[in-house]
Every structure is written in structure tokens, then in C-alpha cells.
Amino acid sequence: MDLIYIPEDLSSCPKFGNKSCPPTNRSFRVRLIMYLLMTGAMVITIFGNLVIIISISHFKQLHSPTNFLILSMATTDFLLGFVIMPYSMVRSVESCWYFGDSFCKFHASFDMMLSLTSIFHLCSIAIDRFYAVCAPLHYTTTMTASMIKRLLFFCWAAPALFSFGLVLSEANVSGMQSYEILIACFNFCALTFNKFWGTILFTTCFFTPGSIMVGIYGKIFIVSRRHARALGNMPENTKGAGRNLSKKKDRKAAKTLGIVMGVFLACWLPCFLAVLIDPYLDYSTPIIVLDLLVWLGYFNSTCNPLIHGFFYPWFRKALEHIVSGKIFRSNSDTANLFPEAH
């Protein structure tokens, strides 16, 4: 999601003629390093999420309510890496927008939509995990196929309507005279918000889903620890392999959820705080800081497949099938990705 820095000195702005690029003092070496780092993040985002998309779509063993939510989120993160990040990279490195005003509005709208869609998916997955861990007896009757479809529809439709409606109507920049002058002067493309819409965006699109996620994952963590302690206190002669496996899974679930929550907050909290606070500081935050915050938010989509790779054995097994070409064999869709279950 884009942010903007509005410079105070617009005296050099041409009143007539072609728009120019904002001045930049970055050396070739600095730009090269930036391109390499951002390209690396893009490649991981695209191919990491593509592995998740192929795996869950192909292997029947992965067809579950939770994984369909993960599949949809991976699609969101893949689109962010494939459609949004390349243009954002050029804009961030060159400090200029070369792709026209019309595409600027589409890019800003789609960028905002995908960023919010990814956040809403994380919240939906938290709800799914809450019922699976804290109310397992009600899970199958609550998280039905119909419920998953409704969650997915909301995760995509609400951000799309909000993002495209806000950007195309230009309500987010209403009353911002300095922004209008900047756009008229330079080849510049960034998403910014006035005080009203900055507050609305922070409250509805970050604080609310973030609070829900923190509350849910906190509850899941407590329940998982309680299950682990209960299994640990049982007499040795009543423990079986299944109970030991359950204890291990509970601990792993609590650890994974903590990492997911920590990565989410680390990536998105600074960006949304800038959205909230910068309008009250007369948009004085340096552009290099805002660029860093934008890419930190993008990095959440880069981290999601990495988290799966480290903590979900099925991801590594599916990746092995894809890389080795086993996925092209007949009946490969029925391959067992959970050998420890047998």
C-alpha cells in the first residue's frame, strides 16, 4: 500500500509544459542494490505463493476449509508480487512514475485492495483456527463450505469496493491542495490520505482485524498450552503415540501462531501508523522512510510462504513433488503428504 511525502518547496514546479520527475540524488550503486533487494523479495513472493497455489489446488489431501482460505490468501499475495510490486519497485528506486495517470489510479486501487485482502484473509484464518482449536466439536458444523465461501467473498469484495471506490472518487485526497499541486507538477504516483480517511483506514482495516487476530490467537495460545499441560500431567502408562503427537502438534500450533501474529504486526503496524499520523504532521515524513514502510508491508506477503515452508511439512513435501516433476505423474494428486499420520 502506497504512502506519500509532499515536499514543502514547490517553487520549481513548471506551470506549463511537460511534467518532470522529482529530483533524486541516488547513485547508480544505491539504485542497483535497491533493485536487487526488491527483485529478491518479488521472486520469493511470486514463486513461494505459487507453490502454495499449485499444491493446494493439485493435491486432494490438502482440500480442507483451512487450506482453501490459505489458497485464496496465497492468490492475493501472488498477485501483489506479480502485478503491484514491479511497478512499485521502479517508482521507489527512480522516484518517478513512468506509466501514466490512468494506470496510476488502477495501480493504487489494486495495491490497496490486495494489501487489505491479505489482511482480511489472515483474520479469516484466525477465525477458522479458533473453532478448530477452541471449539472442535462445533468446527464441522460452523466452518462449512458455505461459511468458507461467505468469508472468501467478504475478503475480496469488501476491500475491492472500498479501495476502488475511495481512489477513483478521490475522496482520500479531498482538501489536500499541496497534493494536487504535486501531481500537477511531477510524474508522481502514490496513495495518500487526508486526516479523515487516514483515521478510517487505520481503524477499520488494521486496528479492528488486528485486534480480532490478537484476541483469537491469544485464546488459541492459552488453550494450546492448557492441552499440552494436561497431556504432560497424565500418567505415563496412559500416554500413547497419539497423545504424544497431539502434544507436539499443540506446541507447534502455538509457536506457529505466535510467529504469524508477530510477523503481521511487525510488517503492517508501522505502515498503518504512518497512514494515521502523517496527515497530522503535514506530510513531513521523509519519502525514504515511507518507501521503507510500504515495502515492509509488502514483505508480509513474502513471509507468508516462508512461514509455511518452515512450519508445515506438507509444504516441503509438495515442493519436492513440484521440483522433481513427480506432480506430472498419473495419480500424483492422491500422493500422501503426511506420512507421519500412518
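Cβ from N, Cα, C; glycine included.
Here Cys189 is paired by Swiss-Prot through a disulfide bond, and of Cys96, Cys104, Cys271 its partner is Cys104.
Between Asn18, Asn172, the residue that has N-linked glycosylation site written against it in Swiss-Prot is Asn18. Candidates Asn25, Asn300 were compared with Swiss-Prot; the annotation N-linked glycosylation site appears at Asn25. Listed by sequence, the residues of this chain that lie at least six past the ends of the transmembrane segment (36-56) yet keep a Cβ under 8 A from its Cβ atoms are 62-63, 67-68, 70-71, 74-75, 77-78, 80-82, 85-86, 89, 92-93, 295, 298-299, 301-302, 304-306, 308-309, 314-315, 318-319, 322, 327. Considering other CB atoms within 10 Å as the measure, the emptiest surroundings among the disulfide-bonded residues Cys21, Cys104 are those of Cys21.
Counting residues of the topological domain 'Cytoplasmic' (169-172) by DSSP class, helix then strand then coil, yields 3 helix, 0 strand, 1 coil. Taking the topological domain 'Cytoplasmic' (169-172) as a whole, pLDDT averages 92 in the prediction.
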